[in-house]
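S.K.: Got a structure here, written out as structure tokens. Questions coming.
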Amino acid sequence: METVTSSDSSSAVENEHPQDTPESNNSVYTSFMKSHRCYDLIPTSSKLVVFDTSLQVKKAFFALVTNGVRAAPLWDSKKQSFVGMLTITDFINILHRYYKSALVQIYELEEHKIETWREVYLQDSFKPLVCISPNASLFDAVSSLIRNKIHRLPVIDPESGNTLYILTHKRILKFLKLFITEFPKPEFMSKSLEELQIGTYANIAMVRTTTPVYVALGIFVQHRVSALPVVDEKGRVVDIYSKFDVINLAAEKTYNNLDVSVTKALQHRSHYFEGVLKCYLHETLETIINRLVEAEVHRLVVVDENDVVKGIVSLSDILQALVLTGGEKP
């Protein structure tokens with residue numbers, strides 16, 4: 001199997017309940033992650049969808065929607081191994097690459113198999129599947145997610161070769177939050193976003209309410225971000241267009257007209273949309289984490305007192321600060 005696995009930390013299970021002195025509280029979450037394995041996070045039952053690479057791309061995306069999942073491991077029958085992941089990013093890349101106009105059907109989406117798309121997309125730049133063993137530490141998992149700039153990490157049993165679970169930033173942070181009250185609170189948890197400088201505050205990728213979906217897809221491809229704040233003419237955030245919203249084009253079979261505005265494309269969820277989840281630079285890291293976990297979102301939009309966008313704080317930023325850098329800016 002051509003895969004990249006993260007090596008087990010030598011300290012993976014040395015200490016189930018690390019005893020930190022007050023001076024070393026800043027590393028308490030790092031110690032926790034090093035003392036728990038990926039296996040500890042796997043629920044007793046969860047849905048996992050696997051696609052064979054010979055499946056048609058269109059059917060695969062409809063299956064993602066039907067099953068309510070955002071990604072699926074890809075099984076290559078010829079190689080008898082998992083070779084990659086199919087995600088909403090692939091759907092975006094296909095639409096952006098092949099869309100011509102509302103009058104022309106996207107042949108490649110209708111007819112291509114997953115293996116054909118992978119050959120076109122990867123070409124000569126072969127990327128091995130990044131995965132992890134269930135015995136590896138959660139610290140290794142966080143490191144792998146951030147180092148490889150990925151959002152999903154398959155947990156694959158090295159003996160059977162079976163995919164057991166898919167780890168995400170969201171699931172790891174939720175797991176950490178379950179135990180967070182048992183630890184002495186690190187000093188940095190009471191510091192503000194501004195003090196810690198966590199997040200992205202330069203070259204924020206955004207769209208206007210009138211921006212066509214096709215243009216938004218191009219921004220996703222170019223900037224490699226997972227969401228775009230939607231702003232009015234004064235730069236105030238009024239909505240957010242995420243990669244997950246794009247899969248609705250498949251759900252409603254409206255992917256043949258990408259000239260509509262993001263505002264129109266977002267109308268499908270207006271009946272339950274509670275508004276953009278925001279935060280301020282003066283708010284503490286503890287407040288930010290609580291908001292992210294409780295709302296089960298992947299990022300918060302940082303705004304000023306007028307709701308003008310100042311930055312984005314993602315789950316990746318949070319985990320990097322908590323686990324890899326002990327609250328300090330990397």
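Using N, Cα and C of the backbone, Cβ positions are placed for all residues, glycine too.
As annotated by Swiss-Prot, region 'Disordered' applies to 1-26. What Swiss-Prot lists as compositional bias 'Polar residues' is 1-13. Per Swiss-Prot, the feature domain 'CBS 1' maps to 43-103. Under the heading AMP 2 binding site, Swiss-Prot lists ARG70, LYS170, SER242, LYS243, PHE244, ASP245, ARG269, LEU277, HIS298, ARG299, citing similarity to another entry as support. Feature annotation from Swiss-Prot assigns ATP 2 binding site to ARG70, ARG152, LYS170, SER242, LYS243, PHE244, ASP245, ARG269, LEU277, HIS298, ARG299. The AMP 3 binding site annotation in Swiss-Prot covers HIS151, THR200, ALA205, SER226, ALA227, HIS298, SER314, LEU315, SER316, ASP317. The annotation phosphoserine is assigned in Swiss-Prot to SER261, SER270. Taken from Swiss-Prot, the feature phosphothreonine applies to THR263, supported by similarity to another entry.
Give me the lay of the land around each of these features.
M.R.: Other C-beta atoms found within 10 angstroms of the C-beta of ARG299 (ATP 2 binding site) number 24, with every protein chain shown included.
In this view, LEU277 (ATP 2 binding site) is surrounded by 15 other Cβ atoms within 10 Å of its Cβ, with every protein chain counted.
Taken residue by residue with DSSP, SER314 (AMP 3 binding site) is part of a strand.
Secondary structure from DSSP puts SER261 (phosphoserine) in a beta strand.
Cβ environment of THR263 (phosphothreonine): THR209, THR210, VAL230, ASP239 lie under 8 Å away, each six or more residues apart in the same chain.
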S.K.: Relative to the Cα of SER316 (AMP 3 binding site), which of the binding-site residues ASP245, LEU277, HIS298, ARG299 have a Cα no more than 10 Å away?
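M.R.: The binding-site residues close to SER316 (AMP 3 binding site) (Cα within 10 Å), listed in sequence order, are HIS298, ARG299.
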S.K.: Grab the ATP 2 binding residues from the record (ARG70, ARG152, LYS170, SER242, LYS243, PHE244, ASP245, ARG269, LEU277, HIS298, ARG299) and give me their largest CA-CA distance in Å.
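M.R.: Of all Cα pairs among the recorded ATP 2 binders, the widest measures 25 Å.
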S.K.: Between C-alpha atoms, which of these recorded positions comes nearest to LYS243 (ATP 2 binding site): ALA205, ALA227, SER261, ARG269, SER314?
M.R.: ALA227
S.K.: Cβ distance under 8 Å to SER261 (phosphoserine), same chain, sequence separation 6 or more: which residues?
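M.R.: Once residues fewer than 6 apart are set aside, SER261 (phosphoserine) is near THR209, THR210, THR211, PRO212, VAL213.
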